[in-house]
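The structure that follows is given in the form of structure tokens.
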Amino acid sequence: MKFELPENSKMLSPEFTFGVATAAFQIEGANTADGRCESIWDRFCATPGKVLNGDDGTVACDHYNRLEQDLDLIKELGFDAYRFSIAWPRIEPKSGQWNEAGFEFYQRLIDGLIERGIKPYATLYHWDLPQYLQDKGGWVNRETAYAFASYANKVTARFGDKVVSYATFNEPWCSAFMGHRFGEHAPGYKDDRLTFQAAHHLMLAHGLALPAMRKNAPGAQHGIVLNFIFAYANTDAIGDLRAAQFCDEENNHLFLEPLLNGRYPELVFDKHPDWKPTMMPEDLSIINAPIDFIGVNYYSRSVVRESTSKDYENVPQDAPKTDIGWEIYPKAFTDLLVTYSKRYANMPAIFITENGAADNTPCENGLVNDSMRTNYYADHLVALNNAIEAGVNVKGYFAWSLMDNFEWAFGYAQRFGIVHVNYETLERTIKQSGLEWQRFLMGR
């Protein structure tokens, strides 16, 4: 299936940005090189049973040593922008000690993008907390928020306006919920109280970092990237509708409300007052600092129903799924964007910062015919265009991901790349989906 949009689509205008995205821990490897310290994901990977097949990020895609080749790939594919994350353990391997080798790697990355006419979009935190901060409590400890603000100040002071856009965090929901409620991500806790405390400190860190970021990079855009669990009620029964509402408030508005309205959703903490995080009186006003954009990461939807034992339960759908088991449902992409833009009159500009599919089609004779992924992108580009036509202010779209990489608890078993990586030789091969992106982008 080809990517096709109406001739008058705003997505085809020169002002709309098409990019591709990665994250440091998932692609860089070289996890002890040039002074980098241990991260919580290095420790988590080393814990037996946490990551499929015992995989880790020691080598990953070896992007750290193949930087120029990978930047050439982005250029060859025709993308306007590249969204990458900066590894805190490379920049501050000990508290208050700044590592020049870490800065130099990202300086080469940023300069290399600019030389190739590609706009740098940097994420300051994509889950790789230095382990020495976790040893003091990690995101459950308020001090980590201040440590992040200090780190964000140093990074933005160094790179300034060379970076077009800075996101403080990628998916704080995952750091809080996957890391502290479900135990499936580092640091691997299962505790509701810790989950909401961590969520609060992540959002506090975002707010604390913004003033210095704006001062250091006044010409850049500053915001945050959120993932959304967009939930539909299984039926129109009142219990199912309430379940869907609770799911939405707990997972999505827990982050949007403090960001945009300076408050937490009452529904969650009215029902579970013991979950309410400890905070200072000024915290919500700090979190509510103005932002230039919200990044939206979208992959799939949820369908939920009333449960007698918990707040809601997921209802598996008999529907097409990607290889990771996530339902393919493009309409939810449109619905999410339209619904939240209506709820929040002050919604800043939106960038789709991740969208993509796990399609594990193998590489045969130098070809990867990943038709499911290509179709996924085609359908979701149309769904995004539908949201824009309905009035949603979307400024750009980033495909996830540039290349196959370390998919967290799934190790290397799930492939999201538009470029295939042979994990034995580390050879890169552009997949059919990547070639379709190239055709589409070059034809604008």
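Note that Cβ sites are derived from N, Cα and C of the backbone, with glycine treated the same way.
TrEMBL: automatically predicted annotations, no manual curation.
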Given that TrEMBL annotates Gln26, His126, Tyr299, Trp400, Glu407, Trp408 as binding substrate, state which candidate in Asn65, Asn170, Asn360 belongs to that site as well.
Asn170
For substrate, with binders Gln26, His126, Asn170, Tyr299, Trp400, Glu407, Trp408, what's the maximum Cα separation in whole Å?
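It comes out at 18 Å between the most distant Cα atoms.
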Check the DSSP secondary structure of Glu171 (active site, proton donor), expressed as helix, strand or coil.
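Where Glu171 (active site, proton donor) sits, the three-state DSSP reduction gives coil.
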Rounded to the nearest angstrom, how far is the Cα of Glu171 (active site, proton donor) from the Cα of His126 (substrate binding site)?
8
Can you tell me whether DSSP puts Glu354 (active site, nucleophile) in helix, strand or coil?
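The residue in question, Glu354 (active site, nucleophile), is strand (DSSP, three-state).
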Write out the long-range same-chain contacts of Asn170 (substrate binding site), meaning residues 6 or more apart in sequence whose Cβ is under 8 Å from its Cβ.
Ala23, Ser85, Thr123, Tyr125, His126, Trp127, Val225, Gly295, Asn297, Thr353
Give me the count of other Cβ atoms within 10 A of the Cβ belonging to Glu354 (active site, nucleophile).
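Total other Cβ atoms inside 10 Å, all chains included: 23.
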Please report the number of other Cβ atoms within 10 Å of the Cβ of Glu407 (substrate binding site).
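Its Cβ shell of radius 10 Å holds 19 other Cβ atoms.
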